[in-house]
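Going by TrEMBL, these are the annotated features:
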type     : residues : note
REGION   : 310-345  : region 'Disordered'
TRANSMEM : 47-67    : transmembrane segment
TRANSMEM : 74-94    : transmembrane segment
TRANSMEM : 100-120  : transmembrane segment
TRANSMEM : 141-162  : transmembrane segment
TRANSMEM : 168-186  : transmembrane segment
TRANSMEM : 207-226  : transmembrane segment
TRANSMEM : 232-257  : transmembrane segment
TRANSMEM : 269-289  : transmembrane segment
Amino acid sequence: GFVAGLGLALASSAFIGGSFVLKKKGLLRLCGRARAGQGGHAYLREWLWWAGLLCMGVGEAANFAAYAFAPATLVTPLGALSVLVSAVLSSIFLNEQLNVHGKIGCILSILGSTVMVIHAPQEEEVSSLESMAEKLKDPGFIVFAVCVLVSSLLLIFVAGPRYGQSNVLVYVLVCSAIGSLSVSCVKGLGIALKELFSGKPVLKEPLGWVLLVCLVICISIQINYLNKALDIFSTSVVTPIYYVLFTTAVMMCSAILFKEWQHMVLDNIIGSISGFLTIVSGIFLLHAFRDLPFSPNLLPLFLQPGRAEPHPPWSTADRHQSCQHQPLLPSEDKGSQSAQEEEEE
């Protein structure tokens, strides 16, 4: 099950990352027709755009299924690989520049994902809706869910009108907090689908329908406030902050609900946290410096092309010697030199 969940998570990142490139390629083919940014819908006639939409649907379905097999603490951080796939494919097929910061960010994301896979936590076995119901009744999870709902309401109705237009954290925190609950709903629905395919009468269970309604509500709130954040602030600012806060909230929720960190040894805990922080660093470099041009002049002198020698040759050094390295002239030499300069004038 763990290997299947890992494979589905990786496949989800590949499909979602490729879908952005396909849809962008389809939008670029709208020469002379009404663009999407102008309110047009001519992209609906492009098969590349539909191929991208299909890839995104497959990727989201694979991500949905991955939560049924692997811990959410592993599946959610691996979603960062979709950003990496999109950046690499964009530089190949869309001729978008991937600077040095972006390349370093891609490498860090791969290394961090590898470390997280090696040290991934093992969650407690939840194989039925009955056991999922017992997990949801846990006092720790109830306290967490109440805190999430109360804080979200305060952010929406108190902090939003005052600071929503100036502080990026207000709406992103709402998306991240509610997103942690949506992942728990996805986990429960994945278990319900596994039982449905095995022949159990899951459709008669009220918990499955409750989880479905809660998932629709949570996703609607996430989309609404994420669009608000993207409309007000830059994408390069919103995306890394949202990834960090959303993944942190999901890891906290999974640790409380599924007791993923309870039986982990110290080296696996350190490895998981280190891998997550490495992915965060990679995503930050990939987005924050995406539009920053990186010229060779910013490199140290010994790394710049044509300046491999840290010191000039002795002949040129003697010719262009700075004044602070010249020997002091004797007083009589100074006097003769000044007299000669006066005669020349």
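Each Cβ is built from the backbone N, Cα and C atoms, and glycine gets one as well.
Proximity of distant same-chain residues to the transmembrane segment (232-257), defined by a Cβ-Cβ separation under 8 Å and at least 6 residues beyond the stretch ends, is recorded for 71-73, 76-77, 79-80, 83, 123, 135-136, 138, 140-141, 144, 148, 164-165, 168-169, 171-173, 175-177, 179-181, 183-184, 226, 276, 280, 283-284, 287-288, 290-291. Contact between the transmembrane segment (269-289) and the transmembrane segment (74-94) is supported: at least 3 Cβ pairs lie under 8 Å, counting only residues 6 or more apart in sequence. Cβ atoms under 8 Å from those of the transmembrane segment (207-226) belong to residues 129, 132-133, 152, 156, 171-172, 174-175, 178-179, 181-182, 185-186, 188-189, 192, 238, 242 of the same chain, restricted to positions at least 6 beyond its ends.
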